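Comments concern the structure below.
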Amino acid sequence: MSTPRRTPARTRARTPRHRRSTAAAALLTAVALTGTLTAARAAPAHGAQPPKEPVATGYGGAVASVSPYATQAGLDVLKHGGNAVDAAVATAAALGVVEPYSAGIGGGGFFVYYDARTHKVSTIDGRESGPAAMTTNWFIDPATGQPLSFTDAVNSGLSVGIPGTLKTWTTALNNWGTIPLGKALQGGIDIASKGFVVDPTFNSFTAMNQARFSQIAPTAQLFLPGGAPPAVGSVFKNPDLANTYKLLAKEGPGLFYGGELGKEVANTAQHPPTIPNPTMNFRPGGLTAADITGYNAPVQAPTHVNYKGLDVYSIAPPSSGGTTVGEALNILSNFNVNSGDQVQALHLYDEASKIAFADRNRWVGDAKFNDVPTKQLTSARYGDDRACLISPTSTLTAPVAPGNPFAPGGGTDCSAAAPSGTSYTDTEGMSTTHLVTSDKWGDVVSYTLTIEQTGGSAMTVPGRGFLLNNEMTDFDFVPLYPGVPDPNLPAAHKQPRSAMSPTIVLKNGKPFIAVGSPGGATIITTVLQILVDRLDLGMNLEQAIAAPRASQRNAASTQAEPAFLNLPQIPGLEALGETFTLAPPSGTPTPEIGAATGLEFLPNGAVEAAAEPARRGGGAAAVVHPVR
Ligand code: GLU
């Protein structure tokens, strides 16, 4: 599926693609020769916030992210002739500055790319990987023989995996971009230098991490100036990160993967830089500089399912996003979801998700270490096999047991009651961030990136301005079900299972929708719900993103946002046997699920970019040439 076919980015900036206009090419060439993208200033002077609209429609390319600063950084790159890949990296680099608790070069993610020239969808696996020293007992406390608590594991060097984000950016730029890394980082450098205005989300995310941030000296120094979270309305600068980005711009990714910065990352994980006499025990990790040097972010094939004639592409293992969203859609293909009966539609959504999660928890992990049945889980046949468990008049008792994608009939006996599974509590955080970009040539990017929990491992690399991930806690610490093989146990060089589901949907071979979300395991249900709302229930993308959310992940009760619990369909769902609990708080005043962004390509050739109107404080969408 991959098509690494172009010349290296640095050369390409001087010999742009055939379809770029001469004027744009001349500008890019001039910019390349001056060394920095001086024309593309992402942040106005003194950190003033760029325009922030949740929806924008128009032409010439689009960006949507959770932050107006990051969206502006991507838009500036598009306006100066960059393509969707360039803009995606620029937006992501800026998110590393303004959303440092969700994303940055200390973390990882998954990148999905539609190439308008080849009509192909490719992905980059930039997931963090376990260090060479990792064993199955990584999270077992040697003193007790028992697994560490999730909190103790998160707040330790053990949780830090080899970061993949910077490698994702260079892989994307080298394969499909047109500008060098330095130019893609320029917007982030500007924001980090001039600062950004602290909003209630940044303030509350800092406050919710204050206890652990205060234990790590460089984290406290950066994110708790004067001992407290930065005040709402104040301007937050990160000169260390500006310098780190500048160094990377000058020296290239080798500074990280094989150089001094990589050594510092490893040293931070091995020797957590705590304050003197900390009250929390940050255990040392085992990540080494050699681990980081050997890291690769490969281009890999997407998952694919056909839903109602549309081609839905997402991420293959080690993410469970593509297989689980795909399986649920294949199950739903067996029903008339848009019959007009809104209770049945939500019931089907909940039940399909429940079954797909049972299979996800049993079968999906790093495919380099397990025989993961990606093909079977995303096959229409398996969806058909599993669909027979769903009844329109009752609710499956959760947890339901997984099927067997290797067995005839998917291991599902439709004449018997659904067998019970074993309950499973997911621990993925509510952090992470998603962005989408497109360009005037028709290329599209859907990119989810993360440092796992909000605030990651809480460990800032001293003097470098970025936090390290705690992605290794996405592994199961012990086998989930006694006697049943667990594909998600820690191992050397293994990647933990993810839920990230950056998705691109094609209609007649052309981009139709790009979407994704943060939210740990709820990422899967959020992407699924947006697709169902948009494709089956008559909502437009803006409405589908704003709609109240519920998340059924093979648990006895479906998590829901307060607004979902007020829907008129709730009594009907309860009459079918469904039960609901309020989604856990995520650091914002109202419990919420996800923070999605998306693009829809309209029949008239325009693109609609959409972000959240309210969740996480609301996101920012922009297009190069707006029409409304
Ligand atoms: N670590 C999670 C995953 O890979 C994402 C974390 C989150 O969204 O909060 O699925």
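Quick reminder: no glycine exception, Cβ is built from N, Cα and C everywhere.
Any TrEMBL annotation is an automated prediction that lacks curation.
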From candidates D76, D190, D474, TrEMBL puts in the same L-glutamate site as R127, G520 the residue D474
Distance filter, Cβ under 6 Å of ligand 1; input recorded positions R127, T432, D474; output T432, D474
Using a 10 Å radius on the Cβ of G520 (L-glutamate binding site), the other Cβ atoms enclosed count 25
Across all protein chains shown, the one of the recorded positions R127, T432 with the most other Cβ atoms within 10 Å of its Cβ is T432
For T432 (active site, nucleophile), the closest of the binding-site residues by C-alpha position, picking from R127, D474, G520, is G520
According to DSSP, D474 (L-glutamate binding site) sits in helix
The number of other Cβ atoms within 10 Å of the Cβ of D474 (L-glutamate binding site), counted over all protein chains shown, is 27
